[in-house]
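S.K.: Take a look at this one; I'll ask things after.
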Amino acid sequence: LGLAWLGPALGGEEKDVEVVTEEEGEMLSDELGEEDGVLVLHEHNFARALSEHRLLLVEFYAPWCGHCQQLAPAYAEAAAVLRNESSPARLGKVDATAQTALANEFGITSYPTLKLFRDGNRTHPIDYTGHMDMKGIVRWMQRRAGPSATLLQDTDTASTFISSQDLVVIGFFKDLGGEAARAFYEVAMEMVDVPFGVAEATELFQAYGLSADTVCLFKKFDAGRTDFPVDPAQGLDVAELTQLLRAHSLELVMEFTSETSDQIFSAKIPHHMLLFLNKSSSAQLALRDGFRAAAGAFRGEVLFVVVDVDGYGANVLTFFGMTPADAPTLRLVKMKNNRKYRMEQDSFSDTAISTFIQAVLDGKVKPHLLSAVPPEDWDTRAVKVLVGQTFEQVAFDETKNVFVKFYAPWCSHCQAMAAAWEELGERYKDHEDIVIAELDATANEMENITITGFPTLSYFPAGPGRKMVEFKGSRDLETFSKFLENGGMLPEEPPAVS
């Protein structure tokens, strides 16, 4: 949660004949076995599965992968739901660590990876884009198994459809076979959390005051309805319409809760403006009026979010270097790099908020960088403890070669290599031109360096130019030493002799 705001071919036909081979002592054939209702697939039955199932979602997994283990029960439950609905969609799985030929064929580089195979097409599978839970998988497959939008034929069915959910989308098209309608169906297949309807009848155009092709978003909040007319010359752009619908599907001002957090972080809106307040204070609650008044002008570009520092929002305070006592306060976050901008609180008016946001968007405001207080003995330890305010002077010292571990205290990979890093520090503590250091990247930020994963190991060589080299070798003492002794490069290993 903190990081969210901190914040992968072969063609041709195969005959349906039995193939039997011995692999790791197990006889494999083209028979389609199951585990918990999920087809167990391998290179000898994969072609048969594609030929027998029009829609086949395949999970490529690794037995040791924690995310795969977490997904397994939801995946099996989704398979059961689809079977009970007599859906043509089936779920299968491939152990990508054992079935390396299939993993290579489909470019599997991470686990779990889900791909949809439609109508036996083996060369162009579709990447799964839904939520990794039972409901998400079922909805995603249902949209692809049947019509992605419900046909509305009269005003009664349209009215019932609109009132059935808090949020629905209806595409009004004079020609349901046209390019615009086809693009609309494509959007509907991706936005599985929202019901989509489609209308062609003249009486429906008249009933909703339309004279040309239009996509309408009906919602039981804010303005109640937002129209997106189809440009007669340009038609409908799938990506643009998807983004518009996602932006306008959210309330103008969201409250950050356990129910809304997924919506907030999946909205793909590039900036988030956050009002931190204590909801138990009526004076602070009143600040929402100016916040809401500023929101309309930035819709789609800036998402406005209220965070209760004494409620669910307390979970993200440490990421901003804040405590509940700092409320009320405002922050703007650029989602692409998690850069944070602090608004000075002379006024919480809509004018002041709008002026601040526009200044950030125009590049006129510097980011607010977090920094912990350096320990008193930070420079006397074998591994130097860096913070935001000391990083520049140490890492870019032109007389030193500096090797830095950027870590997170909760990261198990960081914890696993901690002993080796301490040993490295001890080994080089008497080298005047080599510095071994570490920085807690969850509590400290650098202006021109963004850390996206833990641990990140970076080498800053001596000399001018502010150079930075990322270490990508094995995380052990001897490999670290080889890297340092070779001037920030791992030496090439001699070729193996057969």
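Glycine residues also receive a Cβ, built from the backbone N, Cα and C atoms like all the rest.
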S.K.: Per TrEMBL, which of Cys216, Cys414 is disulfide-bonded to Cys411?
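M.R.: Between Cys411 and the options Cys216, Cys414, TrEMBL records the bond with Cys414.
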S.K.: By the count of other Cβ atoms within 10 Å, pick out the sparsest of the disulfide-bonded residues Cys68, Cys411, Cys414.
M.R.: Cys411
S.K.: Distance between Cys414 (disulfide bond) and Cys65 (disulfide bond) at the Cα atoms, whole Å?
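M.R.: Each residue's Cα considered, Cys414 (disulfide bond) and Cys65 (disulfide bond) end up 18 Å apart.
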S.K.: May I have the DSSP-based helix, strand and coil counts for the residues of the domain 'Thioredoxin' (346-489)?
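M.R.: Its residues fall into 46 helix, 24 strand, 74 coil.
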S.K.: Over the span of the domain 'Thioredoxin' (8-146), count residues by DSSP class, listing helix, strand and coil in order.
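M.R.: Per DSSP, the residues of the domain 'Thioredoxin' (8-146) fall into 44 helix, 35 strand, 60 coil.
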S.K.: Over the domain 'Thioredoxin' (346-489), what does the predicted model average in pLDDT?
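M.R.: The predicted confidence over the domain 'Thioredoxin' (346-489), as a mean pLDDT, is 93.
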